[in-house]
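What TrEMBL records for 12-37, 49-70, 117-142, 180-198, 210-235, 266-290 is transmembrane segment.
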Amino acid sequence: MTNLPGSALRKFWNPTAFAFEFLTVLFLVFFVFTWMFLSFLSKKNKSKIFLSVGYTIATALAFFLPWAFASIGSKLPVYPMLNPLVVIFQSFLRGFGKTGQVVGDNNLIGSPLWQGMPYIFGAQILGGFAGFALFIGLFYSFKAMFKTNVDYEWLKSFKLSNLFAKEHHLTLGKFSAKEALFITMLITLLPFSAMIDTTNYQLNHFQIKLIELLVVGIIIFISSYFDFFAFHLIFPLIELVIKTALLVKSNIENKNENLKAYLQSLYRFLIVLALTIIIPIIIAFIAIGIKSKTGVIISVS
């Protein structure tokens, strides 16, 4: 049993793939929120460069740290997909990968690889909430550590929910357009960067990951001028959970305000969820169509 994307998606259960999808998203969420908190501590929470660099570093750690654990946790190389966007894209691209490779048959050949989606998505969601739970522990440890420090007096009144207290200036229509644009950029560039032919271009897997990180960093920095975007579905999901908790705990005075914030988060999550499903499928079929016309052969494993 290999841990390649196609192989992982063809199995109803792959414990190694599950473990490393879990770890990858755990690291991503933990380091993103940690950097976000550090931006408040250093008063750089409005700095586009500081935040973009930090989020790119968080993504790099999410890619590379699982490799370190793989040295003791897996006999075979691991290839975590990290993002539901990539999972769906790979499911369709590799599921229909033989299309155009049979002489005289221009029809679609194959079907989406559904089998592994439940456990892979489950691993990513559980990993995301585990990473956020670790961050919560770090957050309150920082507050306890600096409670007597006059330079961080403001931390006493700083709550976890303040990290999610953003002013949304875009209408839902403009928000949808922004998310669609950056998600399309991400899913168009990231998976294909990972599929660079290592033999023809004399690159190794590590160098390809560096190219992927460059792509991610550029997209994140451009998106910083539009208040960033949902790089991963887990982030709007965590925000929705936080806003739900605030609504449940709200009193009469702030209930309407919390209800409005909850509904905004719900609508935005549903928009991102829909785009996360639809866009990778569209891009995958475009890629399959181009591949079948050019006669290119891709690995389906």
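Every residue, even glycine, has its Cβ placed from backbone N, Cα and C.
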Contact call for the transmembrane segment (266-290) and the transmembrane segment (180-198): at least 3 Cβ pairs under 8 Å, seq gap 6+: yes
Beyond the flanks of the transmembrane segment (12-37) by 6 or more, those residues with Cβ under 8 Å of it: 1, 3, 45, 51, 54-55, 57-59, 61-63, 65-66, 69-70, 73-74, 76, 78, 80-82, 115-116, 118-120, 122-132, 134-135, 138-139, 142, 163, 232, 234-235, 238
Cβ contacts under 8 Å made by the transmembrane segment (180-198) with residues that lie 6+ beyond its boundaries: 83, 85-86, 89-90, 93, 204-205, 208, 211-212, 215-216, 219, 222-223, 226, 229-231, 272, 275-276, 279-280, 283, 287, 298
